[in-house]
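This report refers to the structure that appears directly beneath it.
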């Protein structure tokens, strides 16, 4: 009884948050899944249970296939690019460099700005006009004598989504840099020194000591970038609106809800986004928790 | 890694000091040059935003796209301010109280989950954390339906229209609720560093949970409050997804208004870019003045303390 008296006040204090998370996170995820399993394809009908039908028929829609392809291209380029650039920046800085504070501040500032605001300037930079009509980067390339670099950017039917990943890389690689820099600095200097004493070249020190110790950081960065990528929305809307040429699942869902007025379809798309993120976030959370419990 | 008994290999020792130093100096030079090059690339969008936002309409010629304005004018900024001001005001009404409420909730949760634990606290914490990673698309449609319902209930009870759907209070509610996980995480990781003996001592002295919180924990919570308030302020200010689903023309925050301005083909680039800069001013000020705390919030997102 005294034990209960000891922890009960704590539980009561957290109770409002527990209820809020239970209702707004788990309740609504469940509600959304249930809605996805009905035929409520307009806003008036009640909708009856149709099982997984919506999940299957969604694949018959051409636009869904396109948006999934786009999400894959975007994710590969964005996650790969941000990881590589962030790692490189951290690697260049890890041994300490004059003006480090300034470099860090500049590489990181895009994180503090909304995708909508940066979308305005990136739409201008990646304007598809060429030669006389060129503005933005195409104009810059043209005036530098690099006209062969001019292209349609995100309006390119095949690789447009790779261009769309550029602003996202610009925005997020500073963050990856900060993660890796903390990782690099977390490698004890004695460990490196010991390896050097053992005759390792500087390259071998990185290859065999530093990089293996950076694996957990890399995993964290992968998870964070991956889940941002799968739900990317603001950036796409800000740069190109809701055109099919740059459609991704999150934008398609928005269109399904507001333009097609089809709640069941919107809920189905949302469910797929949740599933895609959960597949790797849940194992990551379990892994983190286990690691924390180990002494 | 074991240090072997063998003496240090001669490679380094034989190397004449001067050459090694010269090589290290050259490596540092290359690193610095690369870092500066990236610095310039990172600042290109800022240059474009600033330069374009001060150009008069007569200089809208693509041929002068990258040039400095011949005549500097603040006209685009004035027009952008007129168009954006209602949104900025809505964002202030959202982000200032929202960040404060989030911090208070997060502080209480973090305190209990680290220092006044109950059975199952760890499992609960993990369940909270999942809420940090869910794509909000997955809750958006039910959330809209719930807020619409709450509006109807308010209407029938009081006769005045509800302020949940299509208004700032509803958006604020959403941000506070979905901000609980990250705020709890930051405070929990911060409070873990307070020695348990301090809490025990207060307990032995007869202080209850709230008393201990008030007189032992709260006085040292300053940095964590700074991190959470800045983090929540920034994410509420910059959010577009919740805003576009939950608000209407009267309650559009800055991001939605900015997107409407920038999406209109008739608005000249100079005004779009001035508006984008205006919309970023508050978070940039926070970043410049309190970047240290902003960084810690970022790192917490990677589940590290």
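Here the Cβ of each residue, glycine as well, is placed from N, Cα and C on the backbone.
Annotation source TrEMBL lists domain 'ABC transmembrane type-1' at B:88-290.
What TrEMBL records for B:1-20 is region 'Disordered'.
Long-range contacts of the transmembrane segment (B:29-50) within the same chain: residues 66, 273, 276-277, each at least 6 residues beyond the stretch ends and with a Cβ under 8 Å from a Cβ of the stretch. What TrEMBL records for B:29-50 (among others) is transmembrane segment.
Residues annotated as transmembrane segment in TrEMBL: B:88-111 (among others).
Sequence-distant neighbours of the transmembrane segment (B:123-144) (same chain, 6+ residues past either end, Cβ-Cβ under 8 Å): 109, 113, 165, 174, 178, 180-182, 184-185, 188, 241-242, 245-246, 301, 303. Feature annotation from TrEMBL assigns transmembrane segment to B:123-144 (among others).
According to TrEMBL, the feature transmembrane segment maps to B:164-191 (among others).
Marked as transmembrane segment by TrEMBL: B:212-233 (among others). Long-range contacts of the transmembrane segment (B:212-233) within the same chain, counting only residues at least 6 positions beyond its ends with a Cβ under 8 Å from a Cβ of the stretch, are 95-96, 98-100, 102-103, 106-108, 110-111, 115-116, 175, 179, 182-183, 186-187, 190-191, 194, 198-199, 202-203, 283, 286, 290, 293-294, 296-297, 300.
Annotation source TrEMBL lists transmembrane segment at B:273-295 (among others). With a threshold of 8 Å between CB atoms, the same-chain residues lying at least 6 positions outside the transmembrane segment (B:273-295) that come near it are 48-50, 52-53, 76-77, 79-81, 83-84, 87-88, 91, 223, 226-227, 230-231, 233-234, 237-238, 254-255, 258, 261-262.
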